[in-house]
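S.K.: As annotated by TrEMBL, domain 'Ferritin-like diiron' applies to B:9-154. As annotated by TrEMBL, Fe cation binding site applies to B:26, B:59, B:62, B:103, B:136.
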């Protein structure tokens, strides 16, 4: 985990931001910064993709019906550990879905530009 | 802004998912053929057991070929969980009917991925899949011919014995 002061925000490109968190991209480092629940994590694209797959698979309905255990999901991802409540999973899911929509949009635009004939 | 998604992988999430599903289908096919080999062996059809052992190996090779392609292109290949494999078959003929059904399902599945590749203009994966489309021509031909032996030779008298002896002789030539 990284504190906000550990990276230079001027070199970061906003990918997706909500009131609960954000994802920024660093083209210099080829990585992404996920700020959520008061902390910032530096993740590769692969790790962010893995996190999205894990979050998408979380059964929120099942979590809410647990009586004996707290509604907490612990996600271990390489160097990062996320301890999330049910509501945090909903917020994070929104951020990740938004970010991946932006990644796809960026890919479509880049692809179109790559296909242009340079005269 | 760098296209990190494209830098990481040549495959789109949809194509990667379809290829992983195909990995699972090939693994399932391999397991079913192994089960067919077991049934044939237990019931004295040695020629057919050998035939299905070979088929099982081929499906496994197909599985690994797709698996490696996903990895080579920067994707995440998922090792499949295979269960619910049919162990018992009602008749000798039913084994070959199931084998043809299996090959038809695999061909249809490849057609579905190819259609998606056309839609996404993923010509790299399309070129990779051409090998499998050619392979399916042979697979379906062999499975269909095997089943036709039951009509050509007949199931009475020494029919099953003859069919079992001739299964391994079915060859496909595209020329």
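Glycine is treated like the rest: Cβ placed from N, Cα and C.
Any TrEMBL annotation is an automated prediction that lacks curation.
Help me understand the surroundings of these features in the structure.
M.R.: Restricting the average to the domain 'Ferritin-like diiron' (B:9-154) gives a pLDDT of 96.
Taking the Cβ of residue B:136 (Fe cation binding site) as reference, residues of its chain lying under 8 Å away and at least six apart in sequence are, in sequence order, B:103, B:106, B:107, B:110.
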S.K.: Non-local Cβ contacts of residue B:26 (Fe cation binding site) (under 8 Å, 6 or more apart, same chain)?
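M.R.: Those within reach of residue B:26 (Fe cation binding site), by Cβ under 8 Å and sequence separation of 6 or more, are B:59, B:60, B:62, B:63, B:66, B:106.
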S.K.: Between B:59, B:103, which of the binding-site residues has the fewest other CB atoms within 10 angstroms in the structure shown?
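M.R.: Checked B:59, B:103; of these binding-site residues, fewest Cβ neighbours within 10 Å: B:103.
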S.K.: I'd like the number of other C-beta atoms within 10 A of the C-beta of residue B:62 (Fe cation binding site), please.
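M.R.: So the Cβ neighbour count for residue B:62 (Fe cation binding site) comes to 23.
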S.K.: Run through the domain 'Ferritin-like diiron' (B:9-154) and tell me, per DSSP, how many residues are helix, strand and coil.
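M.R.: Breakdown, helix to coil: 116 helix, 0 strand, 30 coil.
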